[in-house]
Structure formats: structure tokens, C-alpha cells
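Data first, discussion second: the structure below is written as C-alpha cells.
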Amino acid sequence: MGNITTENSSLSCPIDHTIHQTLAPVVYVTVLVVGFPANCLSLYFGYLQIKARNELGVYLCNLTIADLFYICSLPFWLQYVLQHDDWSHGDLSCQVCGILLYENIYISVGFLCCISIDRYLAVAHPFRFHQFRTLKAAVGVSVLIWAKELLTSIYFLNHKEVIEDEDQHRVCFEHYPIQAWQRSINYYRFLVGFLFPICLLLASYQGILRAVRRSHGTQKSRKDQIQRLVLSTVVIFLACFLPYHVLLLVRSLWERNCEFAKSIFNVYHFSLLLTSFNCVADPVLYCFVSETTHRDLARLRGACLAVLTCSRTSRAREAYPLGAPEASGKSGAQGEEPELLTKLHSAFQTPSSLGVGGPSTVGLA
């Protein structure tokens, strides 16, 4: 890349984007292909939790919606890196896509923190704090999280994010070295958006493990399963978010010149790409490991098999010679529709409650 002109001055800071332009398309395509269908299913399972009056579903749905917003911005970022970091859309679209890219991190962290606290209260204090474990309380907390991040987004809308370099490339959300106005918002992001929530999350999961170890009614295999789930959740959370925030803090503290910006560019953008995998990890950890979700998937699979079976039967009957006898005495869709509806109905018959009670797998995630 060439020299980048910032809001305040022209800075000669040519940075080689080759590694970033090679890795980013691979990551973005992977997250698009895997993350979009996974999060669509996750949204459906979260809806089932809400339908069962389980407050966990509110947090899961909001977490999934945030991930889907981010995934919807990936085609624009994919086009951007494939055009050698040249933003071909308007300034406002750059700001919106940048906000979706960065604010998704803190919206996700916020809801992951809420899920961990909710599961801690369910496991360690199942007969207390009911006022905090209701749909109304979950909706109120969700509104606060979205409002906090929307207010933060306004801060970026007041600054120019599309900058033209000496090669007439319009770079988006890239300032090298980091600007003064970015330092304060980065400190806020690190302390309030990451450090405080991760402390709450770690404390909650530690409390869950303590409560599970003290439980005499839980089998050892079940305890081991819970411990593995908690450990994997924490490890994936730290792997996705810790490197980026450490480097964000390093940039904010010490990036004063172009040489430092060039030296940290590749590792910083690699850490930013790691945050993208959170969109894939969320539905896996918080939905697809759930026992209730396994049952829902089995019902969904059964419904799909019912559709395919009826479709194959219909095609086979259509292949009969003219005048051939038919077992049902009916033909076409009229003979198949009742059978299909019956199979779909039986496949989706659910227990009276899909909620998660006590230390179940999804309850701990």
C-alpha cells in the first residue's frame, strides 16, 4: 500500500498488506460458508428456548443476531481485500461495515458474559435470584447491551474512516499510526468491553465448577463432561478475543510512528481475523452441544427424512405403468399429503418444556 492520508495530516506510512490480503479471504469465506447456516439454526433453537419460557434463549438469540449482522458485512470486506484494500462503496457503508465488524466483538462478549452468569445462577443458586432469570430481565439486559454499543458506534460516525492513499486506493477503517482520538476509545474497549466481562465470565465458570464438584447427586462422567465443556468454552473465548485485545492495548500505548505500525501490522490483523471464528464457535458451544438441541436436531432430521421418503414414494408411483393398481386407491398429491403431514407432525412433537434446568450441558455454556 502507499502513503495514507489521515484526517489530520499526510503520513508516509507504506505498509505491505500481502499476508493480510492472502489470509483474510480464506477466513471470511470459511466463516460465511460455515457460520451463516450454523447461526440460522442457532437462531431457530434460541427461538425454541424462548417459546419454552427459558431466558437463556433471549441471550442466545441476541448473540446469534449479532453474529449474523457481522456475517452479512463479510461480503463487503471480502471484496475490499480482493481489490487490494480499495473500498469501492460509499463512506457511510464503510462506517457501517466497520461498526458491524468491531462492535460485534463487544456485543458478543457482553452476551457471552450474560450466558455465563445466567448458568452460574441456575447451577449454584437454583432456588434464588429468580427475578434475574426471567424473560423480562433478559430482554432488559439485552436492550442495555445493544444501547451501549450503539452509543459507542456514534463516536465512529463522527470521524472520517475512508482515506485515500497515494495509489488512489480508498482504505477503510485503517489508520497508521493510530490516531489520538482512537486511543481513548480503545482503552474503553479494553477495560469495559473486554477485561471487565472476561473477569465476570471466568468467575461465573469457576463458581459453576465449584458447585458441580460439591454436588453429590451428579455422576462422575457428567461432572467430567461439564468440566470439559467449561474448559473448552473458556479456551475458545480467550483464543478468539485475548490476542486482539492485547495487541489493541499495545498499539494504543506505544504506536507513535510508522515503523512501529509496520512492525505490528501483520500480527495485529491476524489477531483481528481470529475474532471472526467466534461466529462459528458460538453456535457450536452454546447450541449444538445442548441436549435439548440434540433432540431438536433429531426431530428436524426426522422431518427432512419424512419429506424425502414421501417424495421418493410419489416419484415411484408416478413411474407405474398406466392402469397399474395402487395400494392407496388415490394418486398424486392427494394421496401423499395426509401421510406427509402426519410424519411432520409426529416429528416435531416436543416435550412440554424445552427449558434447561439445573446443570445441563447448554445450561452451563
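Backbone N, Cα and C define each Cβ position, glycine as well.
Quick look at what Swiss-Prot lists:
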- 1-12: topological domain 'Extracellular' (TOPO_DOM)
- CYS13-CYS258: disulfide bond (DISULFID)
- 13-49: transmembrane segment (TRANSMEM)
- HIS17: site 'Proton sensing' (SITE)
- HIS20: site 'Proton sensing' (SITE)
- 50-53: topological domain 'Cytoplasmic' (TOPO_DOM)
- 54-84: transmembrane segment (TRANSMEM)
- HIS84: site 'Proton sensing' (SITE)
- 85-89: topological domain 'Extracellular' (TOPO_DOM)
- 90-125: transmembrane segment (TRANSMEM)
- CYS94-CYS172: disulfide bond (DISULFID)
- 126-133: topological domain 'Cytoplasmic' (TOPO_DOM)
- 134-160: transmembrane segment (TRANSMEM)
- 161-176: topological domain 'Extracellular' (TOPO_DOM)
- HIS169: site 'Proton sensing' (SITE)
- 177-214: transmembrane segment (TRANSMEM)
- 215-218: topological domain 'Cytoplasmic' (TOPO_DOM)
- 219-254: transmembrane segment (TRANSMEM)
- 255-260: topological domain 'Extracellular' (TOPO_DOM)
- 261-289: transmembrane segment (TRANSMEM)
- HIS269: site 'Proton sensing' (SITE)
- 290-365: topological domain 'Cytoplasmic' (TOPO_DOM)
Mind checking which of CYS13, CYS94, CYS172, CYS258 has the fewest other CB atoms within 10 A of its CB? They're the disulfide-bonded residues. CYS258
Relative to the transmembrane segment (90-125), which of 54-84, 177-214, 219-254, 261-289 accounts for the most Cβ pairs at distances under 8 Å? 177-214
Students should find that the Cα atoms of HIS84 (site 'Proton sensing') and HIS17 (site 'Proton sensing') sit apart, in Å rounded to an integer, by 8
Between HIS269 (site 'Proton sensing') and CYS13 (disulfide bond), what is the CA-CA distance rounded to a whole number of Å? 16
Alpha-carbon spacing, CYS94 (disulfide bond) to HIS169 (site 'Proton sensing'), which is rounded to whole Å: 14
Which of the recorded positions HIS17, HIS20, HIS169, CYS172 has its Cα nearest to the Cα of CYS258 (disulfide bond)? HIS17
Would you please pick out, from the recorded sites HIS17, HIS20, HIS84, HIS169, HIS269, the one with the fewest other Cβ atoms within 10 Å of its Cβ? HIS84
Between HIS20 (site 'Proton sensing') and CYS172 (disulfide bond), how far is it from one CA atom to the other, in Å? 14
For HIS84 (site 'Proton sensing'), which of the three DSSP-derived states applies: helix, strand, or coil? coil
Secondary structure of CYS258 (disulfide bond) (DSSP, helix/strand/coil): helix
Quick one: mean pLDDT on the topological domain 'Cytoplasmic' (290-365)? 51
Whole-number Å only: compute the distance from the Cα of CYS13 (disulfide bond) to the Cα of HIS169 (site 'Proton sensing'). 14
Three-state secondary structure, CYS13 (disulfide bond) (per DSSP): coil
What parts of the chain pack near the topological domain 'Extracellular' (85-89), using Cβ distances under 8 Å and only residues at least 6 beyond its ends? 1, 17, 20-21, 76, 79, 162, 169-172, 174
At the Cα level, what's the spacing in Å between HIS17 (site 'Proton sensing') and HIS169 (site 'Proton sensing'), rounded? 13
